[in-house]
Amino acid sequence: MRPKKGKEISERLKEFPDHPVFEKLLENNSKEIFNKLIPVSGDVSVEDLGLSPEDRQLLVDNVNVVIHSAATLDFEDGLRPTVKINVLGTKRILELCKQIKDLKVMVHVSSAYVNSFLKEAEEKIYETPGDVDSVINLVNRLSDEALVDMEKTILRGHPNTYTFTKHLAEHEVKNCSNLFPCTIVRPSMIVASWKEPVIGWTCSKVGPQGFLMGAAKGVVRRLPLSTENIADYIPVDVVINQLLVAGWHAAKQKSGLTVYHCTSSTQNPFRWNMLNSVVNEMLHNYPLKSAVWYPHLQFVPSLFLFRISAIFVHFFPAILLDMLLRITGGKPILFRLHKNVWNSLGRLETFIFSEWRFHNPNTRELATQLNSVDEDLFYINISSIYWIEYFVNLHLGVRKYLNKESEKTIPAAKTKDAILKVAHIVWQVMIIALLWFIFATIFGFTMLQSCWAPAIMYYLYTLL
């Protein structure tokens, strides 16, 4: 663990029992169960993992299983931090593994998108995109400006430094697979829990959790995506189960390296058109008491159309609402939020409008290796996920764990939702009436002569 936000690791560990993810665990156990956890201070981005000699020896003498999940996932990061954490961090973990006296298995958490330069990927390690030592040498030798200038050449078809460095890291694991049992698990976009610890649990604002959070507030009203494309989502509890099952299986085999896609695209694909008719119903069945405007979410099929619509349905309302927040003593955040989204769209376009198929025969075969008891405890077969029901539960999880609103607030939230609906209709009438008046004045019509204009204006508005 790393010290974080001014708190030492012992303090951070004491906060664990208060985290909502452990509510289910503590229904049948006391907080003493957390005494099993022994933290050591460390950081994969520094030499020797930042471990003291005493802590390193403690790990060498006592650890049997290593799950390496530390990484930087920031698509905006340059080569220096991503190589430092994703590549050198993995090398340092593997050096530790070589010293561990009784290592049963090393489980490496990769990403399905390490091969995002391919639209279809198999469960195998593809040819390295570069020599690791050469890349490390470049990072150590060149300035930040020079690295930015050379980035596209170095990435060799990878969309960003994250997928490139995670690809390199897989080859580091492969190089050690003859020394001790290793396995690689590649999750796709990790989303809220399917079943455990509770249905719909999440702590992440990335992906669908983030924009459903904004949509429920009424501030995210348009979403750029291709509704016909497969969006590969995988619940967090399935990922955790697969790490454990893959590690168990690799430890039994004792040799070789197996790669697993922890994905849904070829087994139980999700497309956003499944939610076209229910997403707004979902937002109003379980509204937020803290909503600032009447929620209504529409999917937009291109970045160009999204940028046009965002000016009218995101930025203009954000300016007005931020002004209101300033007047009432609040902190204006909406314009900045939409500006950050706007600025990030170019970097995310590949992932928003592309479709990948990650074939997972190894994962399906792994599921068959479990007996009936383990199959229930460590479920990794996602064939039975019903995506509409899943996303309703995800929305409820976002409502509870991200927006911090309990189920008790739903009646009051529905009352506010009805008030916001009236306010939304009145606002639309006022805007169209104003535009109608401006139109009639400019072209010399009376309001009666241009009575056809409001209908056209409303129609054009719905296209935004």
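Cβ atoms here come from the backbone N, Cα and C positions, even for glycine.
Listed in TrEMBL:
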DOMAIN    1-242  domain 'Thioester reductase (TE)'
TRANSMEM  304-325  transmembrane segment
DOMAIN    314-405  domain 'Fatty acyl-CoA reductase C-terminal'
TRANSMEM  418-436  transmembrane segment
Subject >> Intrachain neighbours beyond the transmembrane segment (304-325), with Cβ under 8 angstroms and 6 or more residues off its ends >> reply: 219-224, 292-293, 331-335, 337-338, 342, 345, 461, 464
Subject >> Model confidence over the domain 'Fatty acyl-CoA reductase C-terminal' (314-405), averaged pLDDT >> reply: 91
Original post:
Reported in the order helix, strand, coil, what are the DSSP residue counts of the domain 'Fatty acyl-CoA reductase C-terminal' (314-405)?
Top reply: 64 helix, 2 strand, 26 coil
